[in-house]
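Single-structure report; data block below.
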Amino acid sequence: MRIILLGAPGAGKGTQAKIIEQKYNIAHISTGDMIRETIKSGLVLGQELKKVLDAGELVSDEFIIKIVKDRISKNDCNNGFLLDGVPRTIPQAQELDKLGVNIDYIVEVDVADNLLIERITGRRIHPASGRTYHTKFNPPKVADKDDVTGEPLITRTDDNGDTVKQRLSVYHAQTAKLIDFYRNFSSTNTKIPKYIKINGDQAVEKVSQDIFDQLNKR
């Protein structure tokens, strides 16, 4: 099973991706995670990527396709994979097609912008472990402190209000066009891929079940 997970920043793609990965025993390929690892490396490329993300812009198609191509060639992708964060542009989608990356399902997690802004700006992260909190929806026991270690929580530099609005603007201007691209592709291609739209403004478990229901009946 090969799945592309679409949705704006903060729509819950990462959470659902991990659940789908475990449910269907497929590899979760998150370009966001791979980019953050590159940034943590301290290399020149990582520094350049950080500047791009801090400005609320998208990483180049060339870089994204390169890391995805390398990743899907690994053995753990033989049973299938889920792409989280790619493609974000039509050129990326076209490049994946040229590489012969056949997709079975496109799942869009749909959430309104005002809710996305609230979700993202309230996020707090424990850098060492990656544990994630939210000031409203999942607050730590002590404000701005990790529940396990008591260490300070941080806000990602790209999670501030202005940057979030810019990211959503970029999403709607570029990434959202993929919805139409794949919807049209699905309507004219009887084989693959199949387009599925899911209401993301629900409990995590309900979103997951809606996704499973759609995948299992096709």
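Note that Cβ sites are derived from N, Cα and C of the backbone, with glycine treated the same way.
Sequence annotations record features per position, and here Swiss-Prot assigns ATP binding site to G10, A11, G12, K13, G14, T15, R123, T132, Y133, Q202. Neighbours of G12 (ATP binding site), defined as other CB atoms within 10 A of its CB across all chains, total 22.
Among the features that Swiss-Prot reports, AMP binding site is placed at T31, R36, E57, L58, V59, Q92, R156, R167, with the record citing sequence analysis. The Cβ of Q92 (AMP binding site) lies under 8 Å from the Cβ of D61, I64, I65, V86, each of which sits 6+ residues away along the same chain.
Under 8 Å from some Cβ of the region 'NMP' (30-59) lie the Cβ atoms of residues 14, 17, 67-68, 71, 83-86, 88-89, 157-158, 162-164, 166-167, 170, 174, all in the same chain and six or more residues away from its ends. If you look up Swiss-Prot, you'll see 30-59 marked as region 'NMP', on the strength of sequence analysis.
Look at Swiss-Prot and you will find 122-159 tagged as region 'LID', backed by sequence analysis. Residues of the same chain lying 6 or more positions beyond the ends of the region 'LID' (122-159) and with a Cβ under 8 Å from any Cβ of it are 53-54, 56, 167.
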Which listed residue (G10, G14) has most other Cβ within 10 Å, given these are binding-site residues: G10
Number of Cβ atoms other than its own within 10 Å, given for E57 (AMP binding site): 14
Secondary structure composition of the region 'LID' (122-159) [DSSP: H/G/I, E/B, coil]: 3 helix, 10 strand, 25 coil
Residues of the region 'NMP' (30-59) by DSSP state, where helix covers H, G and I: 21 helix, 1 strand, 8 coil
